[in-house]
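Taking it in order: structure first as structure tokens, then the write-up.
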Amino acid sequence: MAKEKFTRTKPHVNVGTIGHIDHGKTTLTAALVKVQSKRNLAKAISYADIAKGGTVRDETKTVTIAAAHVEYESANRHYAHVDCPGHADYIKNMITGAAQMDGAILVVSSLDSVMPQTREHVLLARQVGLNHIVVFLNKCDAVDDPEMLDLVEMEVRELLSKYKFDGDNAPVVRGASLPALQGDPKWEETIQQLLSALDSYIPEPVRDIDKPFLMAIEDVFSIKGRGTVATGRIERGVIKVGDEVQIIGFKDTKKSVVTGVEMFRKLLDQGQAGDNVGCLLRGVEKEEIERGQVLAKPGSITPHTKFTGEVYVLKKEEGGRHTPFFTNYRPQFYIRTTDVTGTVNLPEGVKMVMPGDNITMTIELIAPVALEEQMRFAIREGGKTVGAGVVTKILA
């Protein structure tokens with residue numbers, strides 16, 4: 001059978017369900033698909049298939065995360081939706097960014113209100129730079145007293161405000177995913193309300209191609225009579241012959257001009273996000289540039305050595321450490337294309353970190369690297385990955 005062609009008629013947005021165990025995240029995911037499949041805006045998938053999930057790998061290909069991916073459309077958009085079966089999978093997914101989210105659907109059972117994992121997921125969403133949360137108050141079919149629902153809604157809004165989300169204006173939809181999944185029209189309508197809240201509240205993401213140019217350097221070689229070529233995959237933006245770039249990381253930042261762009265040995269007018277290219281750089285000696293530096297649009301990113309990160313420490317079964325580590329631990333930090341040694345400082349009152357924990361830590365690198373908030377990194381020791389993290393704040 002021929003593969004279905006993906007036709008891009010509507011803007012694409014990535015979302016996911018977050019919230020406490022048994023509050024109905026997977027049932028809601030199934031209901032979204034089911035309700036939209038009746039309108040020919042999704043392919044129906046059973047609850048069991050979503051719960052079974054698939055697996056995703058993070059960019060460093062070390063952390064395996066159980067996650068189900070479904071897709072559906074609203075009137076205006078195409079959504080890809082991720083739902084994780086286990087609490088640990090949510091934490092790993094949010095920290096590694098393996099399944100990206102532009103916004104989240106926070107599912108809260110109106111019978112239980114805010115629970116520990118509700119808080120933890122909202123805090124993590126804040127740490128990893130998710131700015132838009134739409135709330136679905138679930139199981140409203142089991143609550144007779146509307147004042148009870150007002151109370152739960154108030155608690156959820158307070159929680160959002162506490163973690164610097166817009167608790168006053170975030171949409172809160174009161175619904176019930178199980179009867180909606182079973183075809184009850186009254187509750188199916190709440191799924192439509194949720195979709196229109198997603199459409200109006202989560203802004204359309206800026207496409208990678210529209211962001212300022214950045215390419216992490218993977219390899220460098222010189223071409224006799226032409227100069228030095230840096231190769232790598234363009235992370236974002238566009239590069240054309242004649243563009244000025246900065247070479248950032250490890251040493252003093254240097255400026256150059258791109259005099260040629262090639263892909264698979266063919267000359268291009270321009271390279272764009274996702275392309276693997278070689279950039280010919282004017283006036284740069286091969287010795288002045290190395291793997292792990294980046295080429296970037298001047299002024300768009302700066303080198304740093306000190307930052308805080310939210311880190312997930314791999315368990316022994318995931319190939320991580322067997323023992324805890326302490327403040328002043330000195331592993332390698334794999335950032336974009338290279339390892340840089342750094343020193344870990346744990347928060348006050350935290351004596352040690354066990355495999356399987358997630359923790360906020362301060363990291364100081366021995367050499368400056370092009371860094372920005374929400375960037376992912378891996379922690380390695382002797383060539384194996386022992387942690388995965390995201391930059392939450394740049395300090396120096």
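Cβ from N, Cα, C; glycine included.
According to Swiss-Prot, the protein carries these features:
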| type | residues | note |
| --- | --- | --- |
| BINDING | 19-26, 83-87, 138-141 | GTP binding site |
| BINDING | Thr26 | Mg(2+) binding site |
| DOMAIN | 10-206 | domain 'tr-type G' |
| REGION | 19-26 | region 'G1' |
| REGION | 60-64 | region 'G2' |
| REGION | 83-86 | region 'G3' |
| REGION | 138-141 | region 'G4' |
Simplified to three states, DSSP reports Lys25 (GTP binding site) as helix
So which residues does the region 'G3' (83-86) touch in its own chain, when a touch means Cβ under 8 Å and the partner is 6 or more beyond its ends?
16-17, 25-26, 29, 50-51, 53, 65-68, 70, 93
Tertiary neighbours of Cys84 (GTP binding site) (same chain, Cβ under 8 Å, six or more apart):
Gly16, Gly53, Ile65, Ala66, Ala67, Ala68, Tyr90, Asn93
Which same-chain residues, if any, lie at least 6 apart from Gly19 (GTP binding site) yet have Cβ under 8 Å of it:
Lys25, Leu106, Val107, Val108, Gln117, Thr118, His121
Count of other CB atoms lying within 10 Å of the CB belonging to Cys140 (GTP binding site):
23
Thr26 (Mg(2+) binding site) to His87 (GTP binding site) - Cα separation in whole Å:
13
Same-chain residues at least 6 apart in sequence whose Cβ lies under 8 Å from His87 (GTP binding site):
Ile21, Gln117
Mean pLDDT for the region 'G4' (138-141), as a whole number?
98
Across the region 'G3' (83-86), what are the DSSP residue counts per state (helix, strand, coil)?
0 helix, 1 strand, 3 coil
Of all the binding-site residues given, Asp22, Thr26, which residue's CB has the most CB neighbours within 10 A?
Thr26
Mind checking how the region 'G4' (138-141) divides into helix, strand and coil residues in DSSP?
2 helix, 1 strand, 1 coil
In three-state DSSP terms, the structure that His87 (GTP binding site) belongs to:
helix
